[in-house]
Amino acid sequence: MSDNDDIEVESDEEQPRFQSAADKRAHHNALERKRRDHIKDSFHSLRDSVPSLQGEKASRAQILDKATEYIQYMRRKNHTHQQDIDDLKRQNALLEQQVRALEKARSSAQLQTNYPSSDNSLYTNAKGGTISAFDGGSDSSSESEPEEPQSRKKLRMEAS
């Protein structure tokens, strides 16, 4: 096995039978040294992967402890981010539902006015009031008005 090979521990049985005891011992020592060097390099790599240990001297026990803490921290952080993603998906679905309801209300308002569709009619409600993309376009006391502020409050509560 050459020095450039990846860490592969060869057994002494793979070597020719005619080696002397000293040769076998030297070969075994070289394999053991290579194994220890690989473990040492792996600990250094792990140490450098943990932000609180980067570039510092630390014992193997400290490296393992800090790596465990960091992994647990990252798991909690990932869980929190996943919850945020799920909340945003729910909010997005609610907003898409509101958009569909507003588009439906707009199309029914256009049918009620019996005016040909023009760019100006796209932005007015059934009573001729201006529809804003931010206020939901409701200038009337329709049934959807009480529901809209409740859903907005709910969205704010979920986000916090």
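Cβ atoms here come from the backbone N, Cα and C positions, even for glycine.
The structure displayed is predicted, hence computed values, not measured ones.
Feature annotations, reproduced from Swiss-Prot:
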| type | residues | note |
| --- | --- | --- |
| REGION | 1-40 | region 'Disordered' |
| COMPBIAS | 1-13 | compositional bias 'Acidic residues' |
| MOD_RES | S2 | phosphoserine |
| MOD_RES | S2 | N-acetylserine |
| MOD_RES | S11 | phosphoserine |
| DOMAIN | 23-74 | domain 'bHLH' |
| COMPBIAS | 29-40 | compositional bias 'Basic and acidic residues' |
| MOD_RES | K66 | N6-acetyllysine |
| REGION | 81-102 | region 'Leucine-zipper' |
| REGION | 104-160 | region 'Disordered' |
| MOD_RES | S107 | phosphoserine |
| COMPBIAS | 107-124 | compositional bias 'Polar residues' |
| MOD_RES | K153 | N6-acetyllysine |
| MOD_RES | K154 | N6-acetyllysine |
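When Cβ atoms from all protein chains are considered, those within 10 Å of S107 (phosphoserine) total 11, not counting its own. Within 10 Å of the C-beta of K66 (N6-acetyllysine) we count 18 further C-beta atoms, all protein chains included. Across the fold, the C-alpha of K66 (N6-acetyllysine) and the C-alpha of S107 (phosphoserine) stand 60 Å from each other. The predicted model assigns the region 'Leucine-zipper' (81-102) a mean pLDDT of 97.
Shown for the domain 'bHLH' (23-74): DSSP residue counts in helix, strand and coil, namely 45 helix, 0 strand, 7 coil.
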